[in-house]
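Here's the structure we're looking at; comments come further down.
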Amino acid sequence: MMMRSDSIMMKMIMMLCIWAVMAAAEVQVPRVFKVGDEFGWRVPLNNDTAVYNHWASSNRFHIGDSLSFVYDKDSVMEVDKWGFYHCNASDPITAFDNGNSTMNLDRPGLFFFISGSNGHCTNGQRLIVEVMHIHHEHQPDGSMPPSMSPLSASPSASATPTPSAASTSLLASLSPPFAAFLLALFCFLS
Ligand SMILES: *[C@@H]1O[C@H](CO)[C@@H](O)[C@H](O)[C@H]1NC(C)=O
Ligand SMILES: *[C@@H]1O[C@H](CO)[C@@H](O)[C@H](O)[C@H]1NC(C)=O
Ligand SMILES: *[C@@H]1O[C@H](CO)[C@@H](O)[C@H](O)[C@H]1NC(C)=O
């Protein structure tokens, strides 16, 4: 049925199929991100004050992932937006100073973290992470779904997602490359 002149076309379809299979197979296994990578969690250097902005924007966070803060003689707090912008550590959602703290990203939307150590936050040791919304790869800042209150999220209680939540987030993670998924399916069927 395929003519010889179609061989380039065939190759292109093959490559598209391979890409589609790879893209569709990129199922989101929960990941642990080490905040700041090698730099860790500490006061930014003078020549790199936006280190945590850069770090956050170079990663993609999904529901079920977690952040690992590794630090020395410091602390990390999850705070609300107000606490973040005012570097106010007086009313944290959660607070740790054990040197190796894991924060679960258990809902979509924004998470705010600051150092609770004196002067560190104002010197740039703070981090905003945006977790992908279900069905939306990109969501404008500050839009929280009303059903999800960040203040009510207790890390211990919500650390283990229910199976249905897990499968929902699995599907959600597929929705942007959903075309790839369909294409992969098509490739298998044809
Ligand atoms: C910032 O300065 C440190 C030394 O203090 C250096 O190791 C690092 O490479 C510099 N980073 C940038 C982005 O220039
Ligand atoms: C932080 O906020 C509280 C109110 O929530 C206020 O009483 C306190 O003075 C603030 N601290 C600083 C350092 O701004
Ligand atoms: C931090 O804790 C995790 C496990 O909770 C461990 O895998 C990791 O090696 C620890 N890192 C440091 C620097 O202690």
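Here the Cβ of each residue, glycine as well, is placed from N, Cα and C on the backbone.
Owing to the predicted nature of the structure, the values given are computational and were not obtained by experimental measurement.
The feature signal peptide is assigned by TrEMBL to 1-24. According to TrEMBL, the domain 'Phytocyanin' annotation covers 31-133. TrEMBL lists 138-160 with the feature region 'Disordered'. Taken from TrEMBL, the feature compositional bias 'Low complexity' applies to 144-160.
Taking DSSP states H, G and I as helix and E and B as strand, the domain 'Phytocyanin' (31-133) has 18 helix, 34 strand, 51 coil. When averaged over the domain 'Phytocyanin' (31-133), pLDDT in the model lands at 96.
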